[in-house]
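Asks: Among the features that TrEMBL reports, transmembrane segment is placed at 21-41, 268-297, 318-349, 355-382. According to TrEMBL, the feature domain 'MacB-like periplasmic core' maps to 24-227. The domain 'ABC3 transporter permease C-terminal' annotation in TrEMBL covers 278-390.
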Amino acid sequence: MIVTDIIKFHHHQLVRHRWRTTMISLCIAIGVSAVVLLVSLGESARQYVQREFAALGSNMLIVLPGKKHTQGGGIPFYGTATRDLTIQDAEAIRHLPGIVRVAPIIAGTATLSVQGLSKDIMVVGSTHEFLAVRGQELAMGQNLSKNHSHRNDVILGHQLAQDLLDNHTQLGQKVTLDGYRFRVVGILNYRGESLGLDMRNVAIIPVSAAEALFDSPALFRVLVETRHRFEDKAIIQHIYELIRQRHQGSEDITIVTQASILDAFNRIMLTLTAVIGLLASVSLLVAGFLVMNLSLINVAQRRSEIGLLKAMGASRRTVLVLFVSESLLLAAMGSALGLLVTFMALLLLNQLQSYLLVTIPVWAALAATLLALCIAGAFSWFPARQAADVSPVEALRG
């Protein structure tokens, strides 16, 4: 039997048994779509985190108050502090060799009020170097002053400025943060969340003003940009030594590198994506059982047809190939439908939101399709063997 004969045979059977064709194709499509959709979401989230870190550059250190003791590769965001990390500590770090920029950060929430409107927002107190270290740009206006004479200046996020300020005179407007008056000197360029901080709805003020606003000199963290990444190890040791000197021999800080955080996120996201993909693959196994059950019913209903084929000279191998290839064809059709549905769903998702661009990894589409074909082939093997073992005499007789 040549390839064209096999194609004609399958076309006839698929059209003749429309219900079976539809059921198997839909089950395969749902399974493939579930696997590809969930893997695409996980992989896109992982790539988003990578892009966010890449925007900060590859040579950034994060100094956290408190010592975090760990035996593994966890991410030490907080530790047990014995002494506050202060602006004076950050200034001392700035004078170490190999340091390009230092951005001390005090963070908290406050109520922003202007012209009768108010909104609870995140407030970041830092220096003029904060935007450069975080890879942020201004849409208009100017950065915070390098000296502390303009401590009442504030930079607002793009969305916050649109919601609360007059579009024509945003710069120079007076706003209040928990009763403290500030003058708007800059508006951030449009950007979504950056490493968990919603830059669209943030207010950035001088760190000295943040000390007064939150009534605390304690820093949330210090961002340190180094000259070269290969110097990070030595610089970390210098920072630890400096803090021990300033904190009476206590090494009560934790320093993490951008690479270590990114590696930890990568491990977490890859593991999560793999687990989600495996769970979604269960739907393909369910589709495999459906393929086997419907194939067994199909063999029972077509015994006379199988007997006629074998009586006309079809070999056992030919019958086996016919039934397995039919299941593979249904799996291919279902996979194509599933990929199409996933593509349309992600297209709609990307239209509805701009926070995370979700794309289908080529390897995920190929892996899901290959898995669907393997499952369909494996689960159709037993029914196909039953069909191949049918005796033509008994089949034509009964």
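Including glycine, each Cβ sits where the backbone N, Cα and C put it.
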Asks: Counting Cβ pairs under 8 Å to the transmembrane segment (318-349), which of 21-41, 268-297, 355-382 comes out on top?
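Replies: The stretch I would name here is 21-41.
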Asks: Who are the long-range neighbours of the transmembrane segment (355-382) in its own chain, taking Cβ under 8 Å and residues 6 or more past its ends?
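Replies: Beyond its ends, the transmembrane segment (355-382) has Cβ neighbours at 28, 31-32, 35-36, 39-41, 43-45, 48, 192-193, 277, 281, 284-285, 287-289, 291-292, 295-296, 323-324, 326-328, 330-332, 334-335, 338-339, 342-343, 346, 349.
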Asks: Give me the mean pLDDT over the domain 'ABC3 transporter permease C-terminal' (278-390), rounded to a whole number.
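Replies: Averaged over the domain 'ABC3 transporter permease C-terminal' (278-390), per-residue pLDDT gives 87.
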